[in-house]
Amino acid sequence: MPGTDLLKLKDFEPYLEILESYSTKAKNYVNGYCTKYEPWQLIAWSVLCTLLIVWVYELIFQPESLWSRFKKKLFKLIRKMPFIGRKIEQQVSKAKKDLVKNMPFLKVDKDYVKTLPAQGMGTAEVLERLKEYSSMDGSWQEGKASGAVYNGEPKLTELLVQAYGEFTWSNPLHPDIFPGLRKLEAEIVRMTCSLFNGGPDSCGCVTSGGTESILMACKAYRDLALEKGIKTPEIVAPESAHAAFDKAAHYFGMKIVRVALKKNMEVDVQAMKRAISRNTAMLVCSTPQFPHGVMDPVPEVAKLAVRYKIPLHVDACLGGFLIVFMEKAGYPLEKPFDFRVKGVTSISADTHKYGYAPKGSSVVMYSNEKYRTYQFFVGADWQGGVYASPSIAGSRPGGIIAACWAALMHFGENGYVEATKQIIKTARFLKSELENIKNIFIFGDPQLSVIALGSNDFDIYRLSNMMSAKGWNFNYLQFPRSIHFCITLVHTRKRVAIQFLKDIRESVTQIMKNPKAKTTGMGAIYGMAQATIDRKLVAEISSVFLDCLYTTDPVTQGNQMNGSPKPR
């Protein structure tokens, strides 16, 4: 009632009078204090104070934290100190040399080709030379490589080569010239969306691999965030999410906020909730995550996405073409992971892994075209005409798209279900046996094809070195120290799993004869990298690896653990 409202206002009148009295006193004090200054001085001080506030704000509120920038500056200054700096440079130089010496792929018996041949070679001669190069490849056919090659069957290879040949000269940049290729790509996207239970509005693009698929999703959500007025869009992702998200943040001027994992290696949903801010542009889940092969709880994270109206990307690059067939293969997953989950707005899945397409093929999917639109680039003002491309590349190899389509059509649902059944059966067998080997343990509860190992009794990198000496290839992991092995269709062949377990047991037994021995070779290099506080040093040393990929100079090779040369 009006009368009641007036009574309430009168109750506050004494407090308003007190507030007015204090504000008048404050105003008079400031005016009196400023009388000794000239107007130009007041203006100058106001400008300087404003600039100082802006400078402090920009110093503190940057994509990279103040503490991180302080550490970088500190380490940079330390490296410039005469004695300490020289010592660090000596150690860095030694680490670089050790890294080069322990790269078996640099061992070549013949000279590099450094100039074009004066006369072109005939077809037979070119193919013969190529066979020399392919003979350098490791023994992946024996099933000793972690991941890398997901099928490799000769008949499938022949099909993919023929499919590529049909579209060798085609380019999806020119759909008017290659309409058949456009149809192939559209069908790949639609088939993949259907596998992940996308609705009629779902859509996507074919990319060159999982990294590009992730980059495209991040680019889309960055542009969406910028449109909403977010100046520094943030990616909130688990610590285990792929490094491609760091790459996207680096490329696109975003900030990545890493969220801690629980003991079972799943993302801590409550920690993710606390990490959400007004700058959050996207949330991330992995199915599974690369390091430990553990599935993140997509439904729980999706609830956060819906509540805070934030896009959620599910990274299924590694296991995408396993998880969609798990139920029909007799290994149903506990939780949904695809577009059936409200809040999931995009998914990435690599067709060149368990889709058995050739390398250079992946799909990024969206629940609705409104998200994909932000992925596109359109240059409307170029003299060469309107330039529009769906992903990073302009020209793309049509042969890869054709071969991807061929793989999908060749396997069909029944083929993928059978392949999934064989892989998961092998992975579960290995998991159960590894759990019973003393002195090592498995991280989390991997449900798919990746098994990560650790040890409380010895440096786990020694196990990788020992297995490497037996011809096996593991992936080194860090934070915490661990190694993993990724099971593919190659490992389902007869006796591969049995030999794997035999070599693991022998290696662990050998290591436990002297569990405190130091790691050598690549294991020592990875151990040093994890222990180094200055991560810029690690990046500097790691760049040597990339430089070595392009070297055409002979390199002297070192030894693996215990002086055992890695077999060719």
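Cβ atoms are placed via backbone N, Cα and C, with glycine included.
On a predicted model such as this, the values are computed, not experimentally measured, just so you know.
Confidence in the topological domain 'Lumenal' (1-40), given as mean pLDDT, stands at 75. Annotation comment: Swiss-Prot describes 1-40 as topological domain 'Lumenal', evidence class sequence analysis.
According to Swiss-Prot, the transmembrane segment annotation covers 41-61, on the basis of experimental evidence.
Look at Swiss-Prot and you will find 62-568 tagged as topological domain 'Cytoplasmic', backed by experimental evidence.
For K353, the entry in Swiss-Prot reads N6-(pyridoxal phosphate)lysine. Within 10 Å of the C-beta atom of K353 (N6-(pyridoxal phosphate)lysine) sit 27 other C-beta atoms, taking all shown protein chains into account.
Residues or ranges marked as N6-acetyllysine in Swiss-Prot (evidence: similarity to another entry): K353.
Secondary structure at Y356 (3'-nitrotyrosine), taken from DSSP and collapsed to helix, strand or coil, is coil. If you look up Swiss-Prot, you'll see Y356 (among others) marked as 3'-nitrotyrosine, on the strength of similarity to another entry.
Per Swiss-Prot, the feature 3'-nitrotyrosine maps to Y366 (among others). Using a 10 Å radius centred on the Cβ of Y366 (3'-nitrotyrosine) and all shown protein chains, the other Cβ atoms total 28.
For S564, the entry in Swiss-Prot reads phosphoserine, with the evidence type similarity to another entry.
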Does Y356 (3'-nitrotyrosine) have same-chain partners at least 6 apart in sequence with Cβ under 8 Å from its own Cβ, and which are they?
Y150, N151, L156, F321, A407, F411, A419, L489
How far is it from Y366 (3'-nitrotyrosine) to K353 (N6-(pyridoxal phosphate)lysine), counting Cα to Cα, in Å?
20
Quick check: in three-state DSSP terms, what is Y366 (3'-nitrotyrosine)?
strand
